[in-house]
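Asker: Take this structure first; my questions come after.
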Amino acid sequence: MIWGEPVKHPLAEGALGQQETMAKMEVKTSLLDNMIGVGDMVLLEPLNEDTVIDNLKKRFDHNEIYTYIGSVVISVNPYRSLPIYSPEKVEDYRNRNFYELSPHIFALSDEAYRSLRDQDKDQCILITGESGAGKTEASKLVMSYVAAVCGKGAEVNQVKEQLLQSNPVLEAFGNAKTVRNDNSSRFGKYMDIEFDFKGDPLGGVISNYLLEKSRVVKQPRGERNFHVFYQLLSGASEELLNKLKLERDFSRYNYLSLDSAKVNGVDDAANFRTVRNAMQIVGFMDHEAESVLEVVAAVLKLGNIEFKPESRVNGLDESKIKDKNELKEICELTGIDQSVLERAFSFRTVEAKQEKVSTTLNVAQAYYARDALAKNLYSRLFSWLVNRINESIKAQTKVRKKVMGVLDIYGFEIFEDNSFEQFIINYCNEKLQQIFIELTLKEEQEEYIREDIEWTHIEYFNNAIICDLIENNTNGILAMLDEECLRPGTVTDETFLEKLNQVCATHQHFESRMSKCSRFLNDTSLPHSCFRIQHYAGKVLYQVEGFVDKNNDLLYRDLSQAMWKAGHALIKSLFPEGNPAKINLKRPPTAGSQFKASVATLMKNLQTKNPNYIRCIKPNDKKAAHIFNEGLVCHQVRYLGLLENVRVRRAGYAFRQAYEPCLERYKMLCKQTWPHWKGPARAGVEVLFNELEIPVEEYSFGRSKIFIRNPRTLFKLEDLRKQRLEDLATLIQKIYRGWKCRTHFLLMRKSQIVIAAWFRRYAQQKRYQQIKSSALVIQSYIRGWKARKILRELKHQKRCEEAVTTIAAYWHGTQARRELSRLKAEARNKHAIAVIWAYWLGSKARRELKRLKEEARRKHAVAVIWAYWLGLKVRREYRKFFRANAGKKIYEFTLQRIVQKYFLEMKNKVPSLSPIDKNWPSRPYLFLDSTHKELKRIFHLWRCKKYRDQFTDQQKLIYEEKLEASELFKDKKALYPSSVGQPFQGPYLEINKNPKYKKLKDAIEEKIIIAEVVNKINRANGKSTSRIFLLTNNNLLLADQKSGQIKSEVPLVDVTKVSMSSQNDGFFAIHLKEGCEAASKGDFLFSSDHLIEMATKLYRTTLSQTKQKLNIEISDDSCTLYLGAVPEDGLLKKRRLQGTSEGGAHSSGWSRIGATSPTTDGALAQAKVSFSVKLVQVNKENNPSRLARAVVEEDNLSSLGDTLMKTIYLFLQLSTNMLHEGRNERCLQNATGSRVLWPNQSCVTRALKQYLFLVPTDPSICTTTTEPCDPPESKEQSCEEKHFVLVGTTHSFLQSAHGVSV
């Protein structure tokens, strides 16, 4: 046995097994555990209306708002938040049996979802109840639970988010505050959620039924219009309200009721932001959302149009609009011609075959037309919203889909005044009740047959007779209403009621005071202008007033055609019948027939799916928590048919359960089945029921379930189980206490043995340590005595050895000192001899050196004299063969050889062709310094050209743009250096790929050169607005960033200048031509992170399209930029004035450097003017060397003319180093033909040809400001001939070594 291990006992083991079993049972809480009231009212005993209401009240008081009737969930609105919808609750009900936990809406949702996913059955969840009972919240809970338990993933989450966010949009446009509910759905909604084979949502489809559009123009007292009107006025920004021509004050609008404009606990502004965000998530584009709000604003403003009567000449009354300002604003919003809409409100055109009759409308008819237009406009907008949401949330794949439908529709309505809307709603509830009964009975029968249980016929009330009364095609109420609406002649609500009295008088569910049935003649509770129908939920009295008008739902054709002519795309699409090309004289279907067809389609759809029901009940009319109005609940229990539902479920067997959970719950009641049953579950249940002696007629065995007939039997089983659990708990406690005591005793006995063993061991160890320490003490004393004895002997021996060593050391020292003295004396003698010998040798060497120097001087003198003699003889002999300038010829020949050698060496030492290679051979001779530098520059330009030839067209374009940016901004704009390493991308916004900008892409047909988001600065208040900056080949466009709508379009020919500061900022202004259309609002001021790129591309595009250079002005103030500071002498002043005003060449013959055509480009012109200043200053000194240096030092000139001038400088510099100052000036004059410092380009070209090919000098080859020099005399040799060797060598080297053609 291991110490510390508990002892296992058979009884304790059995108790632990029971504990584990009980723990498992506690985790899976059953519907019957800790039951408050009755969780499933099928088990209610006795069953009557009072017990049903008492059971609901008892559970409501304990926050149990959900109750079952079989598989039907009853939900009582708590009017407060309860902690029963947390993620933990979702996990509790996930993949659990329907009856395994307490009643909850999550249980029904999980059951429907698992049936759809695992059994491949399409499901539908029908949520019914009166207004304020919580139907909308129940549908949200169902959808949120399904979204929580289905699959995950980016695409799946997006679909779920779109499905969930469709609710806020539809609630804003379809819900309103009523006296019974602050968020009442005023339309019916059916949503089909589509899933794939894995159970992941793919999309959905929404159907809407009978929007209460009459609420748009009139609301009952204490109620509001639809939420969106109040949300728009409360939450929209001032800018948006101004754009929609609205004001924030509710009292300004006749269609909004003021007594309930504000609702406690409702933040309309926050809800508006939620709706806008939801529309964006669902997939509404910005322009679509704006169009929807514009239609809403138009509906609001329609209510402010008022009419006044006006008599015509013929005596007929005509209506006129009192204040046309409202009409004007509506036309501006919708894009309708004001005269067209005004005529549509005043006249009505009736078409019959080929004839058209136009009649005037009186004031009442005009108001009717106005309200009809408002109702139709809002109703069609709502239908468009539903269709638009369906486009966004519909499944994108075409695979086979599973469907779960959620129906959130109005409940049965019984008001004090019931009209056409309540009649249609109650008709829909009759159809739902009919299909509920049929499907419930069908489900019961199928389960009985599936479980092989005998089916007995169930008696129930069939409301098919009521449905037939309403929807019969020949004598139904809807058919007669349609017939009355289509009948020619005078048609009123009274004639419709008379027809009902004639046809339906004998029907047992129809009552009328005017019918032929005598039993209603004296019924004072039944007014004369009403009829009463006995529905399945009770009798409802309907006011016949308004039935005909509401069923007709007419909109005058003039108004439809006016709406179709609107410039507003959305409004035009809402009225397709207004198209004159598609005029249909056929009368449109009535509202009743449309709703009847929709209900028929809905019923057909529901019958193909497995139904799941949620019945919602409102506990009170005060919308307050903790209040349970029994009378109100009793009324709802009746018209929901809950008691009838319970009776149908209890007609056969009240309770059924699978064998496994039944045996698991009640196995402790029988010794044979406790604690473990080895056989099949059904056999165990049979043994259990036989042991308990339950009568055979109280239960029946199916294939997989046991069926219990009476709830009393189930309650008896529960009582026995509860008592048995108490006995088992006592047994477990007894066995546990015995096991615990035995374990404690054995542990103490084992501990005593261990303690004794450890004590004995400790005592022996202590005694051993004492003996050991005594032995160690004795041993230490003996070892110490021996050590001291040996130490004394060693010390004596050591002292003897040290004495001998000391004596020997003293003796050796005496001997060493004697030897040292002898050696020192001997060394002194040897040193004296060496010194004497050295002095003697030095004296001897100096005498010999003097003799050799004298002899060398004599030999050198003889050689010099001989050389001079030989030279004299040679000069005398050959003087007649040489001319006077022979020395110069020799000098030139020597110089030619040196230069030739220099070029040949340069050919072998030339560096690589990489433009970034900085290596260059060192200069061999000082006088070749300038030539060496010029060759380095020419070679670098040549290899740069070779490198550029390798570029593609795209790369050349990129470098050209970069070079253009360098010329425009280098050393002028502080932002330029940071832009050098950034590539120019152009279209930063991928407009072609982004569906958000599809409309913007379609509107632009030209190629987009640049597309970037910039901040447009408002000059009035300094605020910035994000705009899309678009540059095309011919235009500059500004578009809204959110909607993509084009705000401004400026032709490039209207752009005159771009100005900016020299600082490190992104602000720039675009100046427009005065008088152009785009300049009406002034110039544009922008801020951008890509200022350099945008200005460069704008400059190049303008130059390409208009053939004119765009002025780029860079200055830190608002004044005009000039081209640098020029000294104010006479010639320069004239030069500056001509260069800045005319922009062309000087009349005196001076041409601007590196350019052949006039230009006003700022940076280049400034560089060239400054260079001209240098030349004028050098010309005053008459120094050609400084002139040439001024040419080379100018780095801003890179054209062909500049290259030729720098080449001329190379030869002038060489000449300057070789010739005297006077000859150098002469050479410059011969080379250029005059004293002019800077000839024009043709003069330079010809002067270069003279240098390279000995073309005779002609003074007339250039135009100068001074008289030309005299040409060289024919007898004397010109400077060009003198420099032929040097120039020819340079030209040959450039052509042979590098292929440069100068």
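Glycine is no exception: its Cβ is also placed from the backbone N, Cα and C atoms.
Per TrEMBL, domain 'Myosin motor' is recorded for 36-722. The ATP binding site annotation in TrEMBL covers Gly129, Glu130, Ser131, Gly132, Ala133, Gly134, Lys135, Thr136. Per TrEMBL, the feature region 'Actin-binding' maps to 599-621. Positions annotated as domain 'TH1' by TrEMBL: 973-1170.
Each of these features: where is it, how hidden is it, and who are its neighbours?
Answerer: Its Cβ taken as reference, Thr136 (ATP binding site) is surrounded by 21 other Cβ atoms within 10 Å in the chains shown.
Within its own chain, the region 'Actin-binding' (599-621) is flanked in space by residues 56, 60, 69, 71-79, 105, 108, 111-112, 115, 121-135, 138, 142, 179-180, 190, 207, 209, 403, 405, 407, 411, 427-428, 431, 435-436, 439, 443, 627-629, 632-633, 636-637, 640, 642, which lie at least six positions past its ends and keep a Cβ under 8 Å from the stretch.
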Asker: Taking each of the binding-site residues Gly129, Ser131, Ala133, Gly134, Lys135 in turn and counting other Cβ atoms within 10 Å of its Cβ, which one has the fewest?
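Answerer: Comparing Cβ neighbours within 10 Å for the binding-site residues Gly129, Ser131, Ala133, Gly134, Lys135, Ser131 has the fewest.
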Asker: Within 8 Å of the Cβ centre of Gly129, Glu130, Ser131, Gly132, Ala133, Gly134, Lys135, Thr136, which other residues of the chain have their Cβ, at the recorded ATP site?
Answerer: Asn77, Asn181, Ser184, Gly411, Cys616, Lys618
Asker: Taking DSSP states H, G and I as helix and E and B as strand, how many residues of the region 'Actin-binding' (599-621) are helix, strand and coil?
Answerer: 9 helix, 8 strand, 6 coil
Asker: Can you give the mean pLDDT for the domain 'TH1' (973-1170), rounded to a whole number?
Answerer: 71
